[in-house]
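Enquirer: Got a structure for you, questions after.
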Amino acid sequence: MDDVRLPAIWEQVLKKLEQDLSKLAFDTWIKPTIPLAITETTLEIGTPKQIMKEWLESRYLPVIVNAVQTVTQSSLTIQITNLDLEVEPANLPEEPESTQNFPAEKNSQATAAYPRNSYRNTTAQYTNSALPSASSPVPMTKTAEPDAKQPQLLTTEESLPLNPKYIFETFVIGNSNRFAHAASLAVAEAPAQVYNPFFIYGGVGLGKTHLMHAIGHRILKNHSGLKVVYISSEKFTNELINSIRDGNPESFRQKYRNIDVLLVDDIQFLSKKEHTQEEFFHTFNTLHEANKQIIISSDRPPRDIQTLEDRLRSRFEWGLITDIQAPDLETRIAILRKKAMLENLNVHNDVMVYIASRIDNNIRELEGALIRVMAYASLTKQPIDIDLAAEALKDIFPNGRPKQITMELIQDIVASFFKIKMDELLAKKRTRNVAFPRQIAMYLCRELTDTSLPRIGEMFGGRDHTTVIHAHAKISRERNEDTKLNHTIKELIKRIESM
Ligand SMILES: Nc1ncnc2c1ncn2[C@@H]1O[C@H](COP(=O)(O)OP(=O)(O)OP(=O)(O)O)[C@@H](O)[C@H]1O
């Protein structure tokens, strides 16, 4: 079982629980829960409040276990996690207009994720109660804290709040981000002990900020009293400039050299800013020497950040550097599903596949497309189907109604691209000149169509579904490592989509 099936399973579980419980009990305790993940053995659900988790565990666990068993036909362990979602920062921005008129029923409570830029301009603050602390001790020594009741996330004019939605529990794991996610979790669980500095890089909108915030949330939750600052490198620069303008650079230094965890987003903007680099270099050294955790994100690896001083570059390379790649189709669909589930949106699988198969390298755009479709459906009071999605997204996908990408089309285009005959592509022959195009064609069938693995195997000369899994994994991996192959695949996709 995997996350892709989770929304459908959870919907069935809710139906069953609605029958089994009184309306009051269902509305109060079950409805606000959020399904988070499913594996072969466990189904994880989130509650917005600790009290709800306790209440579910003490009163409703047997009935939930029973409902899950009825729906999935297997005895899964139910794990309940408190997400603390009800506590919001003080001054959250208004929700974007387009999200305010979602259809009635389920969607009436829908909210969109905060577009990051508007979110970043706020100066909201968490209080201790927003992130209740567990008691796990850390070897990292706490910076002297004059008043232990002070907020743990330090915010000033320039530093930034953490988005309450960017937590590990809402982050979908796929091949493209598995390692970055695991390393982030390790850093969050043991700050300054495993990877320091920790450097995450990847293309626009692929989840770097989400992971950084998730680390920040987890550290604040588990390690009470640590001072955490999250800031973008642009804001860091502004704050430095302001402190110099105000004749008080020392206060700036004191602030940044007296914290326990420093998260700096989009460090690439530091390039060409020599004075800021100098200041950041000293901040980095002071914190690192004092065994404080430094976490940095960028749109490229340190070696590719132009005009970054060598001494800073080499420091970034001291710890762990990890990247996030563009997600594959399955992960993109899983992200849309999780998003829809978290926002209480009811979207049919076809529409998810339609959106996910067309936006492949920016998750922010992927989420934006989903929100646009929902808003369009609400405003025009129409049911959500592929035609409506195509209409709502016609500026983004100008070809109008999506053409049906068939496996035959993919096979045709791949065969002619590699100048091999169709029957060679489908035959059992394993020489590289046909086996490789065949694997690419299988990969594209998996990526661009909603066809099951056995059916794809069948369409390639009656092969087993494990052959398709192997081909898909191999090409995904090689595509990440080999820019020439990546280019070939992009070219093939372009040809297939323009047919
Ligand atoms: N794996 C994921 N699971 C769920 N949501 C994700 C995932 N990756 C990214 N997102 C969502 O995509 C949106 C963009 O992510 P984020 O802002 O973290 O990207 P970024 O890499 O920091 O982008 P930029 O390069 O613009 O700074 C966010 O709403 C985030 O929650």
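Glycine is no exception: its Cβ is also placed from the backbone N, Cα and C atoms.
This is the feature table in TrEMBL:
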type	residues	note
REGION	1-96	region 'Domain I, interacts with DnaA modulators'
COMPBIAS	129-138	compositional bias 'Polar residues'
DOMAIN	194-322	domain 'AAA+ ATPase'
BINDING	GLY205, GLY207, LYS208, THR209	ATP binding site
DOMAIN	406-475	domain 'Chromosomal replication initiator DnaA C-terminal'
Enquirer: Comparing the binding-site residues GLY205, GLY207, which residue's C-beta has the most other C-beta atoms within 10 angstroms in this structure?
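Expert: Buried the deepest by this measure is GLY207.
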Enquirer: Enumerate the residues of the same chain, GLY205, GLY207, LYS208, THR209 excluded, that satisfy the criterion Cβ within 8 A of the mean position of the Cβ atoms of the recorded ATP site; list them in sequence order.
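Expert: Close Cβ neighbours, site residues excluded: GLY202, VAL204, LEU206, HIS210, LEU211, SER297, ILE324, ILE363, ARG364.
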Enquirer: Would you mind giving the whole-number mean pLDDT across the domain 'Chromosomal replication initiator DnaA C-terminal' (406-475)?
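Expert: PLDDT averaged over the stretch: 90.
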Enquirer: Just to confirm: which same-chain residues, 6+ apart in sequence, have a Cβ under 8 Å from the Cβ of LYS208 (ATP binding site)?
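Expert: Result: ILE200, TYR201, GLY202, ASP265, SER297, SER298, ILE324.
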Enquirer: Tally every other Cβ atom lying within 10 Å of the Cβ atom of THR209 (ATP binding site).
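Expert: Cβ-Cβ neighbours of THR209 (ATP binding site) within 10 Å number 24.
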Enquirer: Look up GLY207 (ATP binding site) in the DSSP assignment and reduce it to helix, strand or coil.
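Expert: The residue in question, GLY207 (ATP binding site), is coil (DSSP, three-state).
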